[in-house]
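Engineer: Here it is, the structure in full.
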Amino acid sequence: MTTRQGSVWLLCPGCGEMIYGRSFDRADKVCPLCGHHAALNAPQRLAQLLDEGSMRVLDHTIPDSDPLGFADTEPYPERLRKARIRTGLDEAAVCARGAIEGHPVIVAVLDFRFLGGSLSAAVGEAITQAAEQALRERTPLVLVTASGGARMQEGVLALMQMAKTSQALGQLDEAGVLTVTIVTDPTFGGVAASFATLSDVIIAEPGARLGFAGRRVIEQTIRESLPADFQTAEFLLEHGIVDAIRPRHELRSTLARLLSAATRSGAAHAGAREPATALVTDPGELADRHPWETVRAARSLDRPSTLDYIGMLVSEFVELHGDRLGSDCPAVVGGVGYLADVPIVVIGTQKGHTAAELTERGYGMPSPAGYRKAARLMRLAAKLGLPVVTLIDTAGAHPGADAERNGQSVAIAENLRLMAGLPVPTVAVVIGEGGSGGALALAVTNQVLMCSNAVYSVISPEGCASILWKDTEAAPRAAEALRVDARSLLELGVIDGVVPEPHGGSGADHAAAASALREALTGVLHELMPLDAMTIVVDRRARFRRFGMAPNVEDAQDIEDAEQRETA
Ligand SMILES: [Zn+2]
């Protein structure tokens, strides 16, 4: 969408309509008619993202070299010289420090006008120096990408920039510094396959394309034409590569939420408060009724879903999508937000209230991609030092052929191991059905809670009845024998507390159910958050080590745990 200087009307390449230049500029070059996002150059992007008056451009020692003495139709130094005159920039990357809604940040922006935003030694150096600055100061790093790939004129030295920038982002992972990429159109090749996709959170502008190989190259190779949306933001979201799509005017507020949660984690360590008084820990206080009644109550579709609870309990929520491996499972939702004053990562299985919602969410039965998305978010929580809350309502992991092809067992097993070792406080709540390994894959936590009408079981009562009684009609008897209800599980020590439900069950009063859950969770988190990472992990491992242990062995384990803690 280029236009001559001073022209009043211009033609939108998205919808082909004439649009008024000034309203287009006011909207940060987004078409007011069709929402087409036209390119911003680096100075425009920095002005759009950063708080007014906060920007300080970072000076870099830029290598000014033509390492190969390269010439195609013209010598490389001549191309560089022209690009500098045309853009007013030294190179294709501009880095600056500044603030977004008051949160300090270091931003590196690629400018597509400068030789297609290509990755040169100087660009690699600028990105790396920005990352090193972020590391020294522990300030979050935001990368805004637009690039055709590595710069051919610098040959294999351009290729090496992929390794150099990637290891710089790796160091930020080790140091727990948040990284976010804003993918803009187009982001390809060496930039897509290095720093652009290594960030903790990847946000794409609508329609922005990202890929390793270009569309034409792929079409020529496979001799097929690709769908229109191939490699677009929408395609990338569906395939689990990006976390979210945000229109340009929402980027600042989304970034501010992420920056706030990632940098405020220390602020909430206010010390231990009163224990969670809202929790029932004495089985005698729970209603004694037939477990089959509880099974039916737990499955009721009017109960609050995970997203209902998140909507009522988690403020400033940013939902994150995808396993970064090719899928985004709709049965698992998760993201970052605040529970009361505590920044958390929340993850849960999502069913729905209607047949349409259930279909859309895969009946709340996660695929391997769902468990891998959960794992990715839990690793993010560990990196940023945020507690993890999981909400569980699933009949079980999805029993499908594709799930098996994609390693359902491996995905579940890897979550069990990952959760056992997470160095941050973790709490699981079974809010409805807790179905077998598919539920446990989100429930290896410091404390495991259940709503009073929830159930948690190794197999569904129907499944058990058909295998052992050879009769699904025996499901009520199986439910009783399996001891799936909160009262039984509290007695068995499988759960630590029960969140009381309002009269008539959680479905009868969502607000009251959410309020009880909030009180229970904040109480548990305030008990856990003052503990150091070593204690958190040792306690959690001891919790699960005990199941099935002979009593005297348990005593020995207690002593061992105590010793381990003392030496830690
Ligand atoms: Zn348009």
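Heads up, the Cβ atoms here are built off N, Cα and C, so glycines get one too.
Unlike curated records, TrEMBL annotations are generated automatically.
Annotations per TrEMBL:
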| type | residues | note |
| --- | --- | --- |
| BINDING | Cys12, Cys15, Cys31, Cys34 | Zn(2+) binding site |
| DOMAIN | 8-277 | domain 'CoA carboxyltransferase N-terminal' |
| DOMAIN | 282-527 | domain 'CoA carboxyltransferase C-terminal' |
| ZN_FING | 12-34 | zinc finger |
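Structural setting of the listed features?
Structural biologist: Cys15 (Zn(2+) binding site) is surrounded by 13 other CB atoms, counting those within 10 A of its CB over all protein chains shown. A coil conformation is recorded for Cys15 (Zn(2+) binding site) in the three-state DSSP classification, outside any helix or strand.
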Engineer: Suppose the Zn(2+) site is Cys12, Cys15, Cys31, Cys34. Which further residues of the same chain have a Cβ inside 8 angstroms of that site's Cβ centroid?
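Structural biologist: The surrounding set, listed in chain order, is Pro13, Gly14, Gly16, Glu17, Ile19, Pro32, Leu33, Gly35, His36.
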Engineer: Which state, by DSSP, holds Cys31 (Zn(2+) binding site): helix, strand or coil?
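Structural biologist: Once the DSSP labels are grouped into three classes, Cys31 (Zn(2+) binding site) ends up as coil.
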